[in-house]
Every structure is written in C-alpha cells, then in structure tokens.
C-alpha cells in the first residue's frame with residue numbers, strides 16, 4: 001500500500017498517513033508557468049496498491065485535474081490498483097436534470113472522467129446523493145461522517161436535546177442521528193428556496209421550545225440556510241443551537257453569515273480545508289475523519305468489508 005496526495009487537503013492526507021504508520025509517496029505536483037498541472041512520481045510504484053488522497057473542493061477544477069493527472073501518471077508507471085480517496089466529491093449537487101431543464105448532469109461527467117483515466121475504485125464521504133455511486137463503472141465506497149459527529153454529540157452536555165433536519169431531504173439522516181443520540185426527538189424545518197444558494201425558512205415541524213437544537217446536514221455552503229434555520233429555532237424558543245455537518249464548503253458570505261448568526265457552535269469535519277477567517281471564528285470547531293478514512297483504506301487494501309465499519 002502506498003499513499004499519494006494532491007494539493008487540496010495536505011493536512012488530512014498527512015494525518016491519514018500517520019494513522020497508517022506510513023509516509024506519503026514522493027510526488028511533485030506543481031504548475032508550469034502557464035498554469036498547466038505538472039506531476040512527476042519520484043518513486044517506484046510498479047504493481048503497487050495505490051491511494052490518491054484529494055478532495056475536489058475549491059478550486060474545484062484545479063483539484064479535479066490534479067487528481068486525474070496523478071492517476072494517469074501512476075497508471076503509466078504500471079500501478080497495480082489505484083483508489084481515488086475523495087473525502088469531498090465536487091459537483092455532487094449536479095446529479096439530475098430538474099424538470100428536464102437543459103442542464104448537464106455534471107456528477108456523471110466527473111464519474112466518467114475518473115473512470116476513463118484509470119481509477120479502479122473510489123472512496124468518498126457522505127455523497128450528497130447516494131445514487132451517484134451508480135454513475136461510476138468502478139466500485140464506490142461511500143462512508144459516513146455521522147459516527148464521528150455522533151461521538152462528539154454524545155460528549156456534549158446538551159439540555160433536553162432535539163435533532164433538527166434543516167430540510168425534508170435530510171430527514172433520513174436526522175432520524176438516524178436522533179435514534180443513536182439516546183433516541184431523542186426530531187424536528188424538521190420546512191423551507192422554500194427561491195434561487196440557488198438562497199433559502200427562506202417557512203415553519204418548524206416539531207416542538208423546540210426550551211430545548212437544545214442539534215442541526216445535522218451533509219454540508220454547509222454559504223450557510224444562509226443554516227443561519228436562517230437557527231434564527232427560526234431561536235424565535236420558537238430554542239435555548240441553544242448546534243450545527244453539525246460533514247463538509248465545510250463555506251463559500252460566498254459564509255464567514256459573515258456565521259459570524260453574525262445566533263448559532264452557538266458549528267461543528268464540521270476536515271474534508272475541506274478552512275481559510276484563516278473561518279478558522280478564527282470562535283464558534284467553529286473541526287473534527288478529523290483521518291482515523292475513519294485510514295481504517296477504510298486499510299480495509300480496502302486488505303480486501304476487508306467496509307460496511308462492517310458502520311454496523312451497530
């Protein structure tokens with residue numbers, strides 16, 4: 001087994017390597033003077049079981065191209081098997097044509113791209129839509145960040161907690177968390193989204209008054225939805241609001257939104273690196289998925305079950 005990393009998430013890649021008691025492979029991933037990506041593998045990988053750790057977060061296209069160029073370099077160096085470890089899978093929200101609009105299904109384009117350059121397997125975390133696994137012609141292991149989030153929740157001193165889904169689509173996730181969080185109650189926020197990256201909270205289904213609310217979602221983008229949800233919960237009498245999510249995209253006005261919000265704490269995972277402004281916010285805390293991803297990589301390399309990691 002050998003691990004390689006692009007430039008997207010070097011800190012997480014190093015943590016994973018540390019967990020596996022190994023070092024990252026020797027590779028130079030740079031840029032030519034015109035901006036094109038330059039990759040050179042500086043060690044023997046012939047016949048090796050190789051893992052490339054690279055989230056396709058912003059800058060999405062650069063990180064995606066780094067990944068596929070690294071795959072091609074390793075494939076041409078006679079790699080035995082290549083697994084793309086993508087903690088965050090970019091373009092995952094473009095997974096369907098809503099009302100047959102004239103738009104691409106970009107998640108499928110990316111899946112085809114990865115397959116065509118020689119990826120043998122994909123390991124990712126909390127795909128925005130699980131059916132994206134079917135877009136690939138190679139096996140996809142979609143592991144979950146919820147055990148890491150749940151472990152943190154169980155360590156908190158919540159006062160009469162209630163798990164809250166920020167929308168109808170997140171009900172299954174919220175219900176699973178609520179069951180494992182001592183079978184606590186659940187609430188749902190019904191919202192209307194007038195246009196992309198904008199949302200308006202409509203009403204809350206469930207009783208949140210005098211309770212600590214635990215919002216759970218797969219990702220936080222501009223955080224507009226999250227902050228308005230927190231406002232609605234506080235208006236309905238919630239004592240405190242905690243927001244848990246796997247992927248901290250934090251684009252656009254996310255920093256200002258969170259800084260000025262009524263959210264008591266935002267807890268996210270390290271699938272995407274945070275900028276310095278977000279890191280400086282006192283109510284943002286990061287959990288690492290390095291242990292879980294290291295175990296998944298070990299199991300893949302040893303041909304062991306991934307699903308067994310999540311059997312309760």
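Heads up, the Cβ atoms here are built off N, Cα and C, so glycines get one too.
Note that this is a predicted model, so its numbers are computed, not measured.
Listed in sequence order, the residues of the same chain lying 6 or more apart from residue 93 (ATP binding site) and placing their CB within less than 8 Å of its CB are 107, 128, 129. Taken residue by residue with DSSP, residue 93 (ATP binding site) is part of neither helix nor strand, so it is coil. Residues or ranges marked as ATP binding site by Swiss-Prot on the basis of sequence analysis: 34, 35, 36, 93, 94.
Secondary structure at residue 128 (Mg(2+) 1 binding site), as computed by DSSP, is coil. Positions annotated as Mg(2+) 1 binding site by Swiss-Prot: 128.
The Cβ of residue 167 (Mg(2+) 2 binding site) has 17 neighbouring Cβ atoms from other residues within 10 Å, across all protein chains displayed. Per Swiss-Prot, Mg(2+) 2 binding site is recorded for 167, and the stated evidence type is sequence analysis.
According to Swiss-Prot, the active site annotation covers 191. The 10 Å shell around the Cβ of residue 191 (active site) contains 17 further Cβ atoms across the protein chains shown.
According to Swiss-Prot, the feature D-ribose 5-phosphate binding site maps to 193, 217, an assignment based on sequence analysis. Residue 217 (D-ribose 5-phosphate binding site) falls within a strand when secondary structure is assigned with DSSP.
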With an 8 Å cut-off on Cβ-Cβ distance and a minimum sequence separation of at least 6, pull the same-chain contacts of residue 217 (D-ribose 5-phosphate binding site), or say none.
165, 166, 170, 173, 226, 243, 244, 245
Could you tell me which three-state DSSP class residue 191 (active site) falls into?
strand
Please report the Cα separation of residue 35 (ATP binding site) and residue 167 (Mg(2+) 2 binding site) in Å, rounded to an integer.
40
Rounded Cα-Cα span from residue 167 (Mg(2+) 2 binding site) to residue 36 (ATP binding site), Å:
41
Proximal residue to residue 167 (Mg(2+) 2 binding site) among recorded positions 34, 94, 191 (C-alpha distance):
191
Could you measure between residue 34 (ATP binding site) and residue 191 (active site) for me? Cα positions, answer in whole angstrom.
45
